[in-house]
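Among the features that TrEMBL reports, domain 'Exoribonuclease phosphorolytic' is placed at B:14-144, B:164-229. According to TrEMBL, the phosphate binding site annotation covers B:R90, B:G128, B:T129, B:R130.
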There are 6 protein chains.
Amino acid sequence: MTHIIRADGRTADQLRPVTIERGWSEQAEGSALISFGKTKVLCTASFTNGVPRWLQGKGKGWVTAEYAMLPRSTNDRMDRESVKGRIGGRTHEISRLIGRSLRAVIDTKALGENTVVIDCDVLQADGGTRTAAITGAYVALADAIAWAREQKFIGKNAVPLTDSVAAVSVGIIDGAPMLDLAYVEDVRAETDMNVVVTGRGQFVEVQGTAEGAPFDRAELDSLLDLAVAGSAELAAIQRSVLQNGAPA
Amino acid sequence: MTHIIRADGRTADQLRPVTIERGWSEQAEGSALISFGKTKVLCTASFTNGVPRWLQGKGKGWVTAEYAMLPRSTNDRMDRESVKGRIGGRTHEISRLIGRSLRAVIDTKALGENTVVIDCDVLQADGGTRTAAITGAYVALADAIAWAREQKFIGKNAVPLTDSVAAVSVGIIDGAPMLDLAYVEDVRAETDMNVVVTGRGQFVEVQGTAEGAPFDRAELDSLLDLAVAGSAELAAIQRSVLQNGAPA
Amino acid sequence: MTHIIRADGRTADQLRPVTIERGWSEQAEGSALISFGKTKVLCTASFTNGVPRWLQGKGKGWVTAEYAMLPRSTNDRMDRESVKGRIGGRTHEISRLIGRSLRAVIDTKALGENTVVIDCDVLQADGGTRTAAITGAYVALADAIAWAREQKFIGKNAVPLTDSVAAVSVGIIDGAPMLDLAYVEDVRAETDMNVVVTGRGQFVEVQGTAEGAPFDRAELDSLLDLAVAGSAELAAIQRSVLQNGAPA
Amino acid sequence: MTHIIRADGRTADQLRPVTIERGWSEQAEGSALISFGKTKVLCTASFTNGVPRWLQGKGKGWVTAEYAMLPRSTNDRMDRESVKGRIGGRTHEISRLIGRSLRAVIDTKALGENTVVIDCDVLQADGGTRTAAITGAYVALADAIAWAREQKFIGKNAVPLTDSVAAVSVGIIDGAPMLDLAYVEDVRAETDMNVVVTGRGQFVEVQGTAEGAPFDRAELDSLLDLAVAGSAELAAIQRSVLQNGAPA
Amino acid sequence: MTHIIRADGRTADQLRPVTIERGWSEQAEGSALISFGKTKVLCTASFTNGVPRWLQGKGKGWVTAEYAMLPRSTNDRMDRESVKGRIGGRTHEISRLIGRSLRAVIDTKALGENTVVIDCDVLQADGGTRTAAITGAYVALADAIAWAREQKFIGKNAVPLTDSVAAVSVGIIDGAPMLDLAYVEDVRAETDMNVVVTGRGQFVEVQGTAEGAPFDRAELDSLLDLAVAGSAELAAIQRSVLQNGAPA
Amino acid sequence: MTHIIRADGRTADQLRPVTIERGWSEQAEGSALISFGKTKVLCTASFTNGVPRWLQGKGKGWVTAEYAMLPRSTNDRMDRESVKGRIGGRTHEISRLIGRSLRAVIDTKALGENTVVIDCDVLQADGGTRTAAITGAYVALADAIAWAREQKFIGKNAVPLTDSVAAVSVGIIDGAPMLDLAYVEDVRAETDMNVVVTGRGQFVEVQGTAEGAPFDRAELDSLLDLAVAGSAELAAIQRSVLQNGAPA
């Protein structure tokens, strides 16, 4: 499998260059500018005391996310959703996916009655924006929680994060499974799958879609193998970035 | 696994009673009222000549879907999305899923420049509304295409449907994989997966979500096994229903 | 007048076959699936404790209604109002008419500080959807109130319903007054009138519209005669359906 | 009946003072500022060549209307519908009523492929805004058509207006039928009816609503008598105003 | 400069005829129908006790404004913003300008926890609608405050109005500075400026825009001179109107 | 004046550090990431052939702009306008200002029937976002036009840009005029003015607002002096950045 060379020179099981710039925003409690190749997503985490009304008085916190693309993050300019007056289905879908992925590694009791809103704004899009968003959002969330601990909004011994979480896309192109699809690959993929995996290697989300022909169990298995390996690399990068002390 | 008895008396690998009433609507080109236990979804297929502007002149057809719930299809009345003035994320997500699932078994060239809009309106909800919707929508779509062939809107030898398609939910409850979750099971499930499978047993969509703890590869595998078997049963019911001549 | 034979074989003063299926919904406190010929409307009544803010503390209840059509309830598919992001004038108008009609037979003091929301969703439309909706909504409302009495949300001796209410359309076609217009008749009618009448035979609403030439006093009188007689038949059907014990 | 004296000194069958100022707007092709007592409605008629797309090529014209209230036309300021982002049901209902009323006296063939949009904006509201709007709108429409004839947009011998049209409210207060209700009367009326009548005395719309107890046939008849007489007075005022040559 | 004669016979530094009809509305606490030539704006001031939530408990009042145009206040009919479902940028911009202008002469402490909402509805537009609106809004505001003092909602010695405020447009046409542009002038102006000035002659807003070529400092100075002189005339008219006792 | 030292150590007539990163986006035809101190705005210019319908066939091009803030570009997170379903007045106002400012230096005939849409998205806000946006937008626009010339979408000798344009804020704080206000200064300013100036030093927009007390002519003059000087510095930076060859 690894002998196939892709348009950008990668092997089939290779991630694009990943960079995570912690503390990009001077205002957010946590933030990360993440790149998967040319895909760039600015993730900010806003920590506030209190929870939405429907959760009040239960001693639990809340984590939610919103995803959006800048109008010219893509090759052709898209209309703004604010101008159209409504949010599209794809945006809704991805916002919900990011929120669920982060909540899978949150102990809401340990978070206490606090809310973290994660904003993932795509500055430049070249495939994999939702997986980059999840991977960067985790770093922003971790920093916001560290900030809250320093501010004593969270107890000294409370551990709201039960694990890390990262995500990667995989797909089948010309019959071959590939990791971390760039845009030109994504549009050609027969099957496209986004996989969200914890730092311990367990699944949070598996979303596979046959864009062309349906896929069989063997293909599914090989895609999952690729995704698990890629996610482990991303988890290592997240760990490494977060170990470098507090963001500037 | 099959020794566990559920609240409604089913074994873990047993579907709820499935009924499909073809031709429920006197107006639509194809229609089906499908029940998965107490879940009832009215699926109508509206066939029209022509395609959306962005597809014109390519000799291809288009299939799309819209999903909605009646306000009192649930235990507590929900506000209408028309009254709220916007469609929620969940509605968008399911409408898109149904559309993709149906397009996976459509040869758009064979369909010609024609459009089929599938409406799936949930009259009563008890878990599994999106999987019932996909399963019923296929029957409505098949009838609309048969109608179009009779009307000579589709060539005599054209075969727009390349396969059948059905969907079923699976989940892990108290550590045990279960098929076709009713609402009371769905809210308790640690992992919830919707699987869309063709009549030939291949995957169109796999959407697994950890609602509580993340899941491992073995759990994923056992859920897929259950879903494939359940989908085969649904495909058999679809075939049987469609073989009974034209709807009244 | 009764010698004219209509397209469907009815005489001018004859209703279409009327059926009312009580308790169609397993979830609503009251429900009825009503048919006026091919017109089918699902009416559900949702009973909740408490009233809207503007009515709080006055010891009175509230009854309101919402009407909608499924997109393919008609010959040509209509866009969903939720997708368009706004409710049309006709929908608003009919929702308000149903609400007023039901409130005319409600003693809001006897109802106490409780709210009943009636949803009338047209599953299939063939003329007379608003009149079928009112007639079915009364049955759903009556069952919701009976349920509330059993639940002791309403006092044992309180009588929130002061009368029954039903509605029917009448119109002038080729100069002849006709009862309960089917769609093909409705589009041809020179004058179209919807009349809402109580069980005791008094008027709640009279809405007559000249679609073509204006109408004179004699025509108005003959339409009212037809409507009063037709409403009495509907009231008898309502009584008969409601006498058959509690819905399954 | 006429011995009852009302709050403002009128007898039961007496209109409030009615004034119609033709040509109030310097820009519209036809306009009228109409008062029914303190109720003031500015009606403008905008004449344009061409018709909406769905009517093109049929040789027929189109007349439509929009009604709105200024936010402080009422005792308590209302939010603007533009700020709320949606038009309320009452506004929709009245706009549609005005449009239907005017179309009842229009020969759309004689109008040719031209459109007249009537705007009725309530500057001050004291009951009867919809009936004042219809009565004033007719004058604005007549002037717009006269303007179009001068401009030769309508043939010399074409007669687009087949009759005049006016409207008045009637109601039952403390058991007594009353003509042209002011706001303080309207809120107390047990039954409220708006009647639209042509210059020849035929009905275009009859909309009666029991606000309190249902009403019987005798009450309905006496209300219709009052309305027909009141409408005849309004028709005379319209004729008189329109005979005074072209507006300044 | 004053030798240039304009289309309507004015000199370059001459206002159009200005009329202010106080107390036009019988319902609002303060109101004025103002004309700048053919431009007519109805300004109403609605006084209510209490302030928006974000201002509660600070002992300060609030003044805000909304501007809108009737659909046929212009030469060509515009669509209603309520029908479009959204307010345009120009409307927003002018509403905000009016609110800021009035707040510049309000001592919010002296106003106490009360709110005044100013509605400026353009009945007829011929250039200068925003400046007429500000000038008329001040008169409506002054009357609403006088009313509130009589009602004892404002203390006897409180002086919420610190000064008067008026506004006028100026522009450069064919190189010559002109005061109070009518519509035909406005569309030809190379530079267009709206200036809001207090009764004491100080600036509240200066908004100059180069519609064609940019303008230099000397042009800016001559425009400001014209505007200050014109505003002083408007302030005198406001004083004179307000000295004539309470409105009828 | 220059002896006052500000919170960040600047003198009253000193700009914050200004950086402009050309070609930040790999996809847009022109782009610039501009910083005025901590304020960061991403400006992209999207060049497309053709013009909006209302301008077709006139041989002229069109330049327009949209401004928006990321939800966490500010100290407290703001709701997204896409989620609220409507664009606020401030956003509209600034988008329109940017568009007008750029059009002031565009010869639309030389641009030909082409459209440039400028998007200014605030990534981090610390006062002066609209002036930074205008200054950066000019650079993005210049690069998009250079790109179009290379692509031969614009004639070799056509000069669509007639000058450069930049903007800066000025204000009066504690009685002293200051250049380029940071957020903490902006909220304290008694008078706030945004001035848009061409490379040749002429005014395109002057927008001064008294936030507290009204301002007099002398204050206005000193603010304009500061703004003209600051704009000249910005114009020099723009020239310098654009002379460094094509962006990477």
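Heads up, the Cβ atoms here are built off N, Cα and C, so glycines get one too.
The structure, with features from TrEMBL marked on it.
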{"residue": "B:R90", "record": "phosphate binding site", "Cβ contacts under 8 Å, 6 or more apart": "none"}
{"residue": "B:G128", "record": "phosphate binding site", "Cβ contacts under 8 Å, 6 or more apart": "B:R16, B:F36, B:G37, B:T39, B:V168, B:S169, B:D180, B:L181, B:A182, B:D186"}
{"residue": "B:T129", "record": "phosphate binding site", "Cβ contacts under 8 Å, 6 or more apart": "B:T39, B:V41, B:Y67, B:M69, B:I94, B:V122"}
{"residue": "B:R130", "record": "phosphate binding site", "Cβ contacts under 8 Å, 6 or more apart": "B:Y67, B:I94, B:L97, B:I98, B:A167, B:S169, B:N194"}
Note the Cβ centroid of B:R90, B:G128, B:T129, B:R130, the recorded phosphate site, then list each other residue of that chain whose Cβ lies within 8 Å of it, in sequence.
B:Y67, B:I94, B:V122, B:A125, B:G127, B:T131, B:A132, B:A133, B:N194
Pop the mean pLDDT for the domain 'Exoribonuclease phosphorolytic' (B:164-229) in here, whole number is fine.
95
Assuming the binding residues for phosphate are exactly those in the record, B:R90, B:G128, B:T129, B:R130, what is the maximum CA-CA distance in angstrom, rounded?
14
Under a three-state reduction of DSSP output, how is B:R130 (phosphate binding site) classified: helix, strand, or coil?
helix
Residue distribution over DSSP helix, strand and coil in the domain 'Exoribonuclease phosphorolytic' (B:164-229):
17 helix, 30 strand, 19 coil
For B:R90 (phosphate binding site), which of the three DSSP-derived states applies: helix, strand, or coil?
helix
For the domain 'Exoribonuclease phosphorolytic' (B:14-144), DSSP counts of helix, strand and coil?
42 helix, 43 strand, 46 coil
